[in-house]
Amino acid sequence: MTSGINTREMILEILLQINEEGEHSHIAIRNALSKYQFLPKQERAFITRVCEGTLEYRILIDYIIDSFSKITVDKMKPPIREILRSAVYQLKFMDRVPDSAVCNEAVKLAQRKGFYNLKPFVNGVLRTIARQMDELEYPSRKVNLVRYLSVRYSMPEPLVLRWLNDYGEEVTEKMLADFLEEKPITVRCRTYLNSVEETCESLRNQGVKVEPAPYLPYAFRISDYNHILALDAFIEGKIVAQDVSSMLVSEIANPQKGDYIIDMCAAPGGKSIHLGDKMEGFGTVDARDVSRYKVELIQENIHRTDSINVQAHVQDATVFDVESECKADIVLADVPCSGYGVIGKKPEIKYRSTAQKEEELVILQRNILDKAAEYVKPRGVLIFSTCTIAKEENEENMMWFMNNHPFKLESIDEFVPDELKSETTSLGYLQLLPGVHGTDGFFMAKFRRK
Ligand SMILES: C[S@@+](CC[C@H](N)C(=O)[O-])C[C@H]1O[C@@H](n2cnc3c(N)ncnc32)[C@H](O)[C@@H]1O
């Protein structure tokens, strides 16, 4: 059954929003799909897959197009560029759409968007690609490893080079491959209110496939559903969408009933709500973020989960809040970061990174850590975390913090599963790597105030 909505046109609009207007991919896709709630599951899945896939494989796709087109991708008009990219994604990765249909739809769409003159160009390039793609030569691994990995896994060369230096060839390739793997979403079952069995049963009753996620008994991977917002377990606040890496932050924080916790960068509130759950309704989690919009996201989640011990308000973490000085048992600084650890979920991140942005982030992170240090009670805890794998933002910030504040690292071995224990966890920090640990890329360190 089809809805009569032009799915190719929707895909084009979404890709233009992401690649030309700088919108986040998950937001652009969600906004477009929520406008057409009645779209059948299959069409929603098709739109999502083509948008995500076209973005994930952009460097590989552009390499293919540039090998067959006289006009290079960067010289094309944006709508033509995105029409070609999404068509090549379908030709290369989606067997279920016949090649001729992919070409015809692309040509029709170019015409509908006013590019009547470019119909033969779109048609010619796509039909040549469909015929000759399998014979195309890719960069050689032996001749140029960085270029090979960049094209093979669609990762900009500067990032590949950096990770080769930081993590070596084997780990880098595992991470690159993992970023491209389609994975089910991970949820945390809120065991404080419902048993894991009850929640999983509710999900299964609605046809959802539920599989255990690694490391934590209350973490599950869910798939085979149309919309998470329509799941009873979600509506009733029995589950929170959260990666296992993010759940481990609240584990290592180990809050006690009655603690006062400040979460300085809290939106959308995943960790705040988990910390509140771990205190079983006692104590207070002061969930802060920089804008009203972000705080509203936290509030929506507080409301849905009925988290009575979590409160949200606007507070810029770079501005010192004198009222909070030496007040908190635990401060969580889950700082804004380059996000390289979640490229698998937000592929646009890889195309937007620049050295300058990263330097600015390190300055912002240190600024936030300076304030965070002041809010911790004597002998209280500070947790520093990021969803990146950049050493400058992680280990280097951690060392800088220890050298500039009266804190020491504290072992997290008691709180992490055996498989994750290492020399670094006994010192007090953990770097999770995608494709290596089965989670997002994530960093966490636990400090105690002297
Ligand atoms: C990694 S996300 C936090 C994720 C959140 N802790 C969770 O678990 O759901 C980083 C957050 O930092 C916030 N942020 C950025 N600059 C900030 C600032 N100056 N003050 C407070 N929050 C800030 C962003 O709005 C974003 O929500």
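Backbone N, Cα and C atoms are what each Cβ position is placed from, and that goes for glycine too.
Taken from TrEMBL, the feature domain 'SAM-dependent MTase RsmB/NOP-type' applies to 175-450.
Here TrEMBL flags Cys265, Ala266, Ala267, Pro268, Gly269, Gly270, Lys271, Asp289, Asp316, Asp334 as S-adenosyl-L-methionine binding site. Cβ neighbour count for Gly269 (S-adenosyl-L-methionine binding site) (all protein chains, 10 Å cutoff from its Cβ): 29. In the three-state DSSP scheme, Gly269 (S-adenosyl-L-methionine binding site) is classed as coil.
For Cys387 (active site, nucleophile), the same-chain residues lying six or more positions away in sequence with a CB closer than 8 A to its CB are Ser245, Ser246, Cys337, Gly339, Gly341, Val342, Asp440, Gly441, Phe442, Phe443. The secondary structure of Cys387 (active site, nucleophile), as reduced to three states from DSSP, is coil rather than helix or strand. The active site, nucleophile annotation in TrEMBL covers Cys387.
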Mean of the pLDDT scores, which run from 0 to 100, over the domain 'SAM-dependent MTase RsmB/NOP-type' (175-450): 97
Other CB atoms, at most 10 A from the CB of Cys265 (S-adenosyl-L-methionine binding site): 22
